[in-house]
């Protein structure tokens, strides 16, 4: 695969975080455990919300969709990663790499947009509680979610189509855990100025605007909470936002660790930061949203109790 221009029929080699057999075995069991925890946690969240009428509210509607997105996200990357860790053949086809890239980019954008919509939901619940039912009607919730899907699908499509115009020369060894946009652009031997410009422009629209919206929402929420005279009511109001605030902090924090740096400085060390947003964040979200949530505790308890009774 060395030398010369590479055609679309060529393959990439996903070498991962380490080429040491001993370390690869450790990484295999670590990622397998994390994947299983992520799948079980997010499936339980989805089942609990769908089966319990008490959780048929806008907040839990978006949470179920966030769990679905996280489930889809890890399934797009981790199984292939596990196969590579156990196999001598670490190749991924050109088409397979672009497919993985498309879903990766789309689902990260979708996660981001859903978190922004959830921030709006929390803003309405805290700042306009009397109008919550009408402001967050089922029709509006479906419309907002549909908009999130359309924007994220278009975002992924734009960058994947632009990537098909990129030419790769020389070695196609990727010292990374999956086909990631920044890594692929660094391997390019053609002009990637268009890709870079579109990446910045669309990134500002898809990520910075929703992030700014989240910040503004929480500034208004905090102002509203501080005006509440009762300390117990302040705590109750803040506790309704704490889980979402934790998820937002984890998502944007890990994303900034990877992407807030110039393209030419991207290195193998960024694999560790990538694991944080690609594996750890989807795994932690079910715990964040259910840890101190009495409604979720009750729904999960009823769900598990019902299934255990069927088995006995």
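Any Cβ shown, glycine's included, is placed from N, Cα and C.
What Swiss-Prot annotates here:
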- 97-189: disulfide bond (DISULFID)
- 5: N-linked glycosylation site (CARBOHYD)
- 195: N-linked glycosylation site (CARBOHYD)
- 1-25: topological domain 'Extracellular' (TOPO_DOM)
- 50-57: topological domain 'Cytoplasmic' (TOPO_DOM)
- 80-100: topological domain 'Extracellular' (TOPO_DOM)
- 121-139: topological domain 'Cytoplasmic' (TOPO_DOM)
- 159-196: topological domain 'Extracellular' (TOPO_DOM)
- 220-236: topological domain 'Cytoplasmic' (TOPO_DOM)
- 260-271: topological domain 'Extracellular' (TOPO_DOM)
- 292-312: topological domain 'Cytoplasmic' (TOPO_DOM)
- 26-49: transmembrane segment (TRANSMEM)
- 58-79: transmembrane segment (TRANSMEM)
- 101-120: transmembrane segment (TRANSMEM)
- 140-158: transmembrane segment (TRANSMEM)
- 197-219: transmembrane segment (TRANSMEM)
- 237-259: transmembrane segment (TRANSMEM)
- 272-291: transmembrane segment (TRANSMEM)
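In the topological domain 'Extracellular' (80-100), the DSSP tally of helix, strand and coil residues is 14 helix, 3 strand, 4 coil. In this chain, the transmembrane segment (58-79) touches the transmembrane segment (272-291); three or more CB pairs sit within less than 8 A of each other, excluding pairs fewer than 6 residues apart. Sequence-distant neighbours of residue 195 (N-linked glycosylation site) (same chain, 6+ apart, CB under 8 A from its CB) are 159, 162, 163, 166, 185. Across the candidate stretches 26-49, 58-79, 140-158, 197-219, the maximum count of CB pairs under 8 A to the transmembrane segment (237-259) is reached by 197-219. By the Cβ criterion (under 8 Å, sequence separation of 6 or more), the transmembrane segment (140-158) is in contact with the transmembrane segment (58-79), since 3+ such pairs are found.
Least crowded of the disulfide-bonded residues (97, 189), judged by neighbouring Cβ atoms within 10 Å of its own Cβ: 189. Non-local neighbours of the transmembrane segment (101-120) in the same chain are 59, 62-63, 65-66, 69-70, 72-73, 76-77, 144-145, 147-149, 151-153, 155-157, 159-160, 163, 178-181, 184, 206-207, 210-211, 213-214, 217-218, 244, 247-248, 251, 255, 277-278; each lies 6+ residues outside the stretch with a CB under 8 Å from one of its CB atoms.
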